[in-house]
Amino acid sequence: MAIKVGINGFGRIGRSFFRASWGREEIEIVAINDLTDAKHLAHLLKYDSVHGIFKGSVEAKDDSIVVDGKEIKVFAQKDPSQIPWGDLGVDVVIEATGVFRDRENASKHLQGGAKKVIITAPAKNPDITVVLGVNEEKYNPKEHNIISNASCTTNCLAPCVKVLNEAFGVEKGYMVTVHAYTNDQRLLDLPHKDFRRARAAAINIVPTTTGAAKAIGEVIPELKGKLDGTARRVPVPDGSLIDLTVVVNKAPSSVEEVNEKFREAAQKYRESGKVYLKEILQYCEDPIVSTDIVGNPHSAIFDAPLTQVIDNLVHIAAWYDNEWGYSCRLRDLVIYLAERGL
């Protein structure tokens, strides 16, 4: 039986999750909550400037959208506790508004009748933060109801750090994410609490903050406090890159040794037999650029030619589609919860 899913917030991630999940026999999307009307939601689902036209049929009704003949209820509730998830038999809510990222607010979905909530961002005081391929085995269905899927950057970074830590032992490190602009920035100069994000996104390199590196400690506890990082938002709408430099305890003998560890890890994930692990890490030796990874479902695309080694100082780089790759992990996390009996 398919797991029933509701989506709260039908923005970039909400719609990408819908696309990634639609047609999968394990998942049935039954409802969407968003303050925008159904007509607009249907249009934005069908036509996407980055990911193209939706391959199925999409039409709007007064309080629903119809996709490939299946009607999906649309609500416009500001208070998550008022969304009738329970009446629809919803098992999991994808909390994708970017607003309800703390325990108090996310738990309102449980009041509405949902069994589990997955927050599509780093969260304040969730029951657990899960990064597939890194710490999913820590999930306990009986104890964990409010789950953070971390950020797109952490989902790229964590598998890479895991490989390095297991192979060489990470002493400390620093990450820079070269990140596509997002809706949290301004199209043209306009006030923002972050003065740099107030500047026009499509014509500037915008230095800003990221919690992705610090969040590693939540999924790899022995590295808590050992990593930090920063972000550079750049003028592309999708497709990002992490640049990671670490000091390791055991110096690798060569660049080739580092790359071989990633090649082996990518193969291990791919051949794991677990549907939710197949697309964690991809090994690439081609001289690619950001456009080449848009639409790539992997959490991290390791760029082997960019690896550098100086004694016990190791530098690696990995690409990620910050929308599609992350949304595919959301989909796979739902599947994983179902496999664990919710």
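Cβ from N, Cα, C; glycine included.
Together with Ser151, Cys152, Thr153, Arg197, Thr210, Gly211, Arg233, Swiss-Prot lists one candidate of Thr182, Thr245 for binding D-glyceraldehyde 3-phosphate, that being Thr182. Its Cβ placed at the centre, His179 (site 'Activates thiol group during catalysis') has 23 other Cβ atoms within 10 Å. Here His179 (site 'Activates thiol group during catalysis') is compared against the binding-site residues Lys78, Thr120, Ser151, Thr153, Arg197, and the shortest C-alpha distance is to Thr153.
Around Ser151 (D-glyceraldehyde 3-phosphate binding site), the same-chain residues at least 6 positions away in sequence with a Cβ under 8 Å from its Cβ are Ala121, Pro122, Thr210, Gly211, Ala212, Ala215, Tyr326. Long-range Cβ neighbours of Asn322 (NAD(+) binding site) (same chain, at least 6 residues apart, Cβ-Cβ under 8 Å): Cys152, Thr153, His179, Ala180, Thr182, Asp238, Gly239, Ser240. Within 10 Å of its Cβ, the residue among the binding-site residues Arg12, Arg197, Arg233 with the fewest other Cβ atoms is Arg197. Counting only the Cα atoms, the space from Asn183 (NAD(+) binding site) to Arg197 (D-glyceraldehyde 3-phosphate binding site) is about 10 angstrom. Residues near Asp34 (NAD(+) binding site) in space but far in sequence (CB under 8 A, at least 6 apart, same chain), listed by position: Asn8, Gly9, Phe10, Gly11, Gly14, Leu41, Val74, Phe75, Ala76.
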